[in-house]
Amino acid sequence: MFQTLYSYFWWERLWLPANLTWADLEDRDGRVYAKASDLYITLPLAFLFLVVRHLFETYVATPLAGLLNVKEKIRLKATPNAVLERFYAATTKHPKQADVELLSKRSGCSVRQVERWFRRRRNQDRPSLLKKFREASWRFTFYLIAFIAGMAVIVDKPWFYDLREVWKGYPIQSMLPSQYWYYMIELSFYWSLLFSIASDVKRKDFKEQIIHHVATIILISFSWFANYIRAGTLIMALHDSSDYLLEVRPPHSPQPHPMSPPHSPSSSPPQSAKMFNYAGWRNTCNNIFIVFAAVFIITRLVILPFWIMHCTVVYPLDLYPAFFGYYFFNFMMVVLQSLHIFWAYLIIRMAQKFITGKVVEDERSDREETDNSEEEEEVAAVKNGPLSNGHPPALNNNHRKTD
């Protein structure tokens, strides 16, 4: 049965145009072609990437955060409470008003104390500023190196300047060592992103990120199987051109302290800008956001659909009739393009706020919660000493601070 499924999966009509077989892509006369077995190396390389990432974040990103004066915000911890903790873990992190009132009776806390406990407990689960900085530093470093390497791989090739050259002689197109390593490293990195996504900083587009990683892995793998390598290198380099700036994800700017003096509105800078954002370099973030937005829109909404996708949809039909692989590859391209439109919509919304002078916040971000009572407690803690079990000591003006 396994052999039958294997035969169906590798049926030549699924992967190659009519009148071509896998025998046509066997190495001969010094010409080397892509093979499915080449991709086995990407899984151990993905785990190697996770190890390198850990070392990078520990010995490079963390000291860099210190040099850039990235400071953690002090968070008030929720007082240990078994009843509330059980509800938080098993039911929901955002209880409705009826649940709050019921939990108030069960836990012996006032309604306001229950609401405050859930706010603090949710804040405890949110990623720290250092974690965000380390993750941004790692991705920025990889994408910048990948973009430089990608350009080095394709800039001297004729198909970089004439897209019809992408299909010249297809699929009998020999593979170059530089193309091999570019593919293996890119695919391994996306595997590592998929493996680590559960522990990475989560945002509202978490599902879209999973779809993006899976679609990218499928697209890279399929283009390797079907020897779409020339088109694949162009697509990967095009994506890397903006990923190192923002990794397609503009973060939110930290909210100002309610008691701090007003300042000029700042934009919410993107990925390379995330590091400067967390370090408080707002003007640098603003400038990078402008550059990122322009590069993203030009590459993802103009060059990709009107040049690259036109190349993969129209030009192949001049050489051979459409086959399953042709439809599948372009379908996955449409999936990616749909995600690009979704993220472009968020970026444009941010750009509108930036132009109108409003404080820009990431549309996908899960902002840390606070309220005036929290700030009052922090001030009281400074004046009267440390908090006791998460609550301030009684005020010395014959008035009790009510919850």
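The backbone N, Cα and C atoms fix where each Cβ goes, glycine too.
Copied over from TrEMBL, here are the features:
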- 38-56: transmembrane segment (TRANSMEM)
- 67-128: domain 'Homeobox' (DOMAIN)
- 69-129: DNA-binding region (DNA_BIND)
- 131-356: domain 'TLC' (DOMAIN)
- 140-160: transmembrane segment (TRANSMEM)
- 210-229: transmembrane segment (TRANSMEM)
- 252-271: region 'Disordered' (REGION)
- 252-268: compositional bias 'Pro residues' (COMPBIAS)
- 288-308: transmembrane segment (TRANSMEM)
- 328-348: transmembrane segment (TRANSMEM)
- 361-403: region 'Disordered' (REGION)
- 368-379: compositional bias 'Acidic residues' (COMPBIAS)
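With a threshold of 8 Å between CB atoms, the same-chain residues lying at least 6 positions outside the transmembrane segment (38-56) that come near it are 137-138, 141, 180, 184-185, 187-189, 191-192, 195-196, 221, 224. Residues of the same chain lying 6 or more positions beyond the ends of the transmembrane segment (328-348) and with a Cβ under 8 Å from any Cβ of it are 205, 208, 211-212, 215-216, 218-219, 222-223, 226, 228, 235, 248-250, 292-293, 296-297, 300-301, 304-305, 309, 312-313, 362-364. Across the DNA-binding region (69-129), DSSP classifies residues as 36 helix, 0 strand, 25 coil.
For the domain 'Homeobox' (67-128), the model's pLDDT averages out at 88.
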